[in-house]
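Asker: First the structure, then my questions, so here it is.
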């Protein structure tokens, strides 16, 4: 298998799909051919990702059998493209071969998907994915010396194992992202294995790779969840806002062309159609670079790079400069006498234009806030256009926009103040209690992960000049992850209402939630309050995870207690751990002190 070189197959966070059509222009043909060659050269990696995401429980050995089968299929089709099997969509071929593996569908409980065909089967495989991967064993780790020996002796096997383990734990992450992570992983391994201090090098250089994966995972799940719960129109408006901020000089007609190119058929990437996702990501990149003069002045150098590098370059490029002739506000949406008539003539285009004009004038606002303003404007016109004097009614729209922005800003300022007062750990415990109270039905691991991500939003953003947009964007991703990708996911009535009622106002909805009154706590178990000397032998990170899990389980068990009472019990726990780990006999100390924690 050839060395992966897909670092640039990303555009912002836009791994989106569109219908596959044969290229007609020379530039399109060149782009299609280079993308096709990449897919052919990396069929093994692509198969690993698809199989590991569709059948997360499958063993590495089972995956190897499918890889061998897919490579043979590719070789047959390259030798004779007229074979009947070569006219099928790659994702259909892959799923057919997965279903044909003897005993596999029954062993891993997906035989019901194999009884379906085409779109129904693809959707079934998608719904079979599990975001909570607690059923998988811990991520296998190697001693740095062993890892380097494995890399030097069998690089291909190490990379295959790595991609398999990462893909099965991230079933909704798009293929280009996972391939890019594999590129970065190999770069880290190759560089650090030549260093004398391999441990420090691997630990330090692995952090940005992990952060990259987490960030893209959250975003992609968020947008796929929006697509499945709210439909294409919401995704369309998300990208109008994003692209208008990034490229404020773009013409509206060109923007809509790009947005449609980007968001028209998002299904492929969200479903896990790996080949289609890669093809269409490349097409989006080509679209941008073929129209760069009318899109942005910041991407010229990026577009001169080859396909593997240009995407990453565009991601890292700054927002384009605001056009000098762009007024601070666009009056035609609030001052014109004909607003209602223009809205009625073509509502979708009218509100798309409003989103475009408002977003490119407000690069300081978050995407959720821009969508809230669009919703407020829609609601305002729905009311005003039914009055005797519509212009006199919607003339004050800007006041409404400023009012909601001020409200959102105060929420962020209050949360950042909490962070400053409580510190990182204190804020995390605050959110672990809060999230567990509103969604106690979630698994302990999922709640711990959500709490960590919420705290990351504040530690990342609360010291930045663009604090508001940063916090609001990242916190919205956390709630998107809580809601999940699957449209059929249910947690409890209050949470489900926030997840499914209004995408733009999802976060304010969550902020207003109280403890779930429908929840029935599990029976009391003294095991929760029983600790042993191994607590003292845990490394810092492991001890922190145990502490976080204890707090979540404590809230689940004593759901009726106030935050202050829960904090008091948690303080008792922390004091016992501190006391016993300093004792001459930690085990004896834990046996004596543990029962007192829950009292």
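The backbone N, Cα and C atoms fix where each Cβ goes, glycine too.
So Swiss-Prot lists the following for this protein:
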DISULFID  77-86  disulfide bond
DISULFID  113-124  disulfide bond
DISULFID  148-193  disulfide bond
DISULFID  192-201  disulfide bond
DISULFID  224-270  disulfide bond
DISULFID  269-277  disulfide bond
DISULFID  302-313  disulfide bond
DISULFID  340-385  disulfide bond
DISULFID  416-462  disulfide bond
DISULFID  461-470  disulfide bond
DISULFID  498-509  disulfide bond
DISULFID  580-589  disulfide bond
DOMAIN    22-210  domain 'Albumin 1'
DOMAIN    211-403  domain 'Albumin 2'
REGION    215-319  region 'Binding pocket for hydrophobic ligands'
Asker: Measure from the CA atom of residue 509 (disulfide bond) to the CA atom of residue 340 (disulfide bond) and give the result in Å, rounded to a whole number.
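Answerer: One finds 29 Å between the Cα atoms of these residues.
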Asker: Quick one: of the disulfide-bonded residues 124, 224, 269, 498, which has its CA closest to the CA of residue 580 (disulfide bond)?
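Answerer: Considering only the listed disulfide-bonded residues, the nearest one is 498.
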Asker: Are there disulfide-bonded residues among 224, 302, 461, 470, 498 that sit within 10 Å of residue 269 (disulfide bond), Cα to Cα? If so, list them; otherwise say none.
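Answerer: Correct set: 224.
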Asker: What does DSSP call residue 461 (disulfide bond) in the simple three-state scheme?
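Answerer: For residue 461 (disulfide bond) - judged by DSSP and reduced to three states - the answer is helix.
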Asker: Quick one: of the disulfide-bonded residues 148, 192, 224, 416, which has its CA closest to the CA of residue 86 (disulfide bond)?
Answerer: 224
Asker: Around the Cβ of residue 113 (disulfide bond), how many other Cβ atoms lie within 10 Å? Please give the count over every shown protein chain.
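Answerer: The answer is 22 other Cβ atoms.
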Asker: So which of the disulfide-bonded residues is most packed in, judged by how many other Cβ atoms lie within 10 Å of its Cβ, out of 124, 193, 270, 302, 416?
Answerer: 270
Asker: Using residue 224 (disulfide bond) as the reference point, find which of the disulfide-bonded residues 385, 416, 462, 498 has the shortest Cα-to-Cα distance to it.
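Answerer: If we rank 385, 416, 462, 498 by Cα distance to residue 224 (disulfide bond), first place goes to 498.
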Asker: Out of 124, 201, 277, 498, 589, point to the one nearest residue 385 (disulfide bond) in space (Cα versus Cα); all of them are disulfide-bonded residues in the record.
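Answerer: Smallest Cα separation from residue 385 (disulfide bond) among 124, 201, 277, 498, 589: 498.
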Asker: Indicate the candidate from 192, 224, 313, 461, 589 with the smallest number of other Cβ atoms within 10 Å of its Cβ, considering only these disulfide-bonded residues.
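Answerer: Output over disulfide-bonded residues 192, 224, 313, 461, 589: least Cβ neighbours within 10 Å is 313.
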Asker: Return the average pLDDT for the domain 'Albumin 2' (211-403) as a whole number.
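Answerer: Summing pLDDT over the domain 'Albumin 2' (211-403) and dividing by its length gives 89.
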Asker: Around residue 462 (disulfide bond), which residues of its chain at least 6 apart sit with Cβ under 8 Å of its Cβ?
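Answerer: Within the chain, residue 462 (disulfide bond) has Cβ neighbours under 8 Å at 415, 416, 419, 420, 471.
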Asker: Go ahead and report the DSSP secondary structure tallies for the region 'Binding pocket for hydrophobic ligands' (215-319): helix first, then strand, then coil.
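Answerer: Its residues fall into 83 helix, 0 strand, 22 coil.
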